[in-house]
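A.B. asks: I'd like to ask you about the structure that follows.
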Amino acid sequence: MSPNISLDNTYITLPEEFYTEQLPSKVPSPKLVKWNSTLAKELGLDSDFFQSEEGALVLSGNQILEDTTPIAEAYAGHQFGYFTMLGDGRAVLLGEIVTNDEERYDIQLKGSGRTPYSRGGDGKATLGPMLREYIISEGMKGLGIPSTRSLAVLTTGETILRETALPGAILVRVAKSHIRVGTFQFANQFLDTKELKALADYTIKRHYKEIFTKEDRYRHFLHEVVKNQARLIAQWQLVGFIHGVMNTDNMVISGETIDYGPCAFMDTYHPETVFSSIDTEGRYAYQNQPKMASWDLARLAEALVPLLNDNTEKAIEIAQEEINQFSKLYLTFWYEGMRKKLGLFHENDMDEDLIEALLGLMVKYEADYTNTFRDLTLNQTTQPNLKGSAEYQQWLDLWQDRRKKQEESLEDSIKLMESVNPTVIPRNHRVEEALERAVNYHDYNAMDSLVSVLQHPYDYKNQNDYYATPPGKTACGYRTFCGT
């Protein structure tokens, strides 16, 4: 049986300092446990082949396709504010696939063994975190948020030592690219301007080709990246997503969400919510995500200074001007999104106060973030704390008055709300239930059911209360771990 697949690799046209040719480590008995047939179809892949034993050999990296050059990418980054040399320490890029509509995607194996960038790690991954990334990334796709995708998860037949012995696994990740802010930091810190320019030109041609011929293309490039990240972070905030580890190596230039280690979705609304066990100071808490994205982008701007203008002072001024746009862009995207969540079509002077008042009540009465907007969409109040609140009723009256002043009908307002207020999200306790069944009992039914529901989060005709129910009080204090 033949895979009938051709992988390109344009990344190796960059100077050799940006990567190392690296074969994945062979594993004893690769077994496919999760296959994303929908994504496979989008990529034009033969599901029959890849679900076969031979297909598992290819997906695990045990068998390398002809005429391909697997690589590990070099990059640096600020991790919790501290700069360090990094790189793909447990991942190998098999190559790039070009779809029928001329879209180019990286095919990367995560958990594929040691590389020159492993820094003492074993280069391996375990089953739970890889399945978790599969669930969350597909959940983000369903929510309409730009994200890397998960094509497959395989067990390797290995036992990996972490706090305990765990089953080894490999995730097959699909991304528009894996070029990170940290890739530009690496070029600026360790290479010459010539190599930095080569990286910038390659990235522009791959992701922002419409600006390549423009004068001041590097300024235009920085502007587009800032705008895309402002939009992305607004989308995160609007659904209560907390990434957990917004280091510069986890911000990709394409504008996709990447690296789902310690991420989680907020249940009870509170701006200071943080889930990651390693984020002890709350650096990447929910309310800090816009600020930290701006900080990361400032590091990109610093790296691009040699390209922005021959005069360093002028280049720094340009960089600062573009970074200063982030806050305005973010707030524009966020307020636009919040108005939609409230069924409001057009901007009004009272909207900011209306939105802030609702969020304040949600904090005061410990309301569930997702279900508050779900209830508003359904014209109901299911949360006990809000149900008996005179303050909340007063807010509802103000909101209804605001909606009635629109030219658009109430029916159109409800349709708008249904299109942006999910009935379900990847609730942390439901994700953990699915992972426990899969990892401990080899039972993937709960995971399959969860992923199926998450693919249609805005389906108000077929709501599933089981997946919409917040955790009980005993599930509070949820903590996430990066799984590295």
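Cβ atoms here come from the backbone N, Cα and C positions, even for glycine.
Keep in mind the model is a prediction, meaning the values are calculated, not measured.
According to Swiss-Prot:
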type	residues	note
BINDING	G87, G89, R90, K110, D122, G123, R173, R180, D259	ATP binding site
ACT_SITE	D249	active site, proton acceptor
BINDING	N250, D259	Mg(2+) binding site
A.B. asks: Provide the three-state secondary structure of N250 (Mg(2+) binding site) computed with DSSP.
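C.D. replies: N250 (Mg(2+) binding site) sits in a helix per DSSP.
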A.B. asks: Sort R173 (ATP binding site) into helix, strand or coil using the DSSP assignment.
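C.D. replies: Where R173 (ATP binding site) sits, the three-state DSSP reduction gives strand.
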A.B. asks: Report, in whole Å, the straight Cα-to-Cα distance of D259 (ATP binding site) from D249 (active site, proton acceptor).
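C.D. replies: So the alpha carbons of D249 (active site, proton acceptor) and D259 (ATP binding site) sit roughly 10 Å from each other.
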A.B. asks: Compute all pairwise C-alpha distances among G87, G89, R90, K110, D122, G123, R173, R180, D259, the residues listed as binding ATP, and give the largest one in whole angstrom.
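C.D. replies: It comes out at 23 Å between the most distant Cα atoms.
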A.B. asks: Hey, of the binding-site residues listed (R90, R173), which one tops the CB count within 10 A?
C.D. replies: R173
A.B. asks: Looking only at C-alpha atoms, tell me how far D259 (ATP binding site) is from N250 (Mg(2+) binding site), rounded to the nearest Å.
C.D. replies: 6
A.B. asks: Find the shortest Cα-Cα separation between N250 (Mg(2+) binding site) and the binding-site residues G87, R90, D122, R173, and name the residue that gives it.
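C.D. replies: Nearest in space to N250 (Mg(2+) binding site), counting only the binding-site residues, is G87.
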A.B. asks: Just how many other Cβ atoms lie inside 10 Å of the Cβ on D122 (ATP binding site)?
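C.D. replies: Other Cβ atoms found within 10 Å: 18.
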A.B. asks: Only counting partners 6 or more residues apart, tell me which same-chain residues put their Cβ under 8 Å from the Cβ of G87 (ATP binding site).
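C.D. replies: Looking at Cβ-Cβ distances below 8 Å from G87 (ATP binding site), excluding near sequence neighbours, one finds A72, E73, A74, Y75, T115, P116, Y117.
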A.B. asks: With every protein chain in view, what's the tally of Cβ atoms within 10 Å of the Cβ of D259 (ATP binding site), excluding that atom itself?
C.D. replies: 22
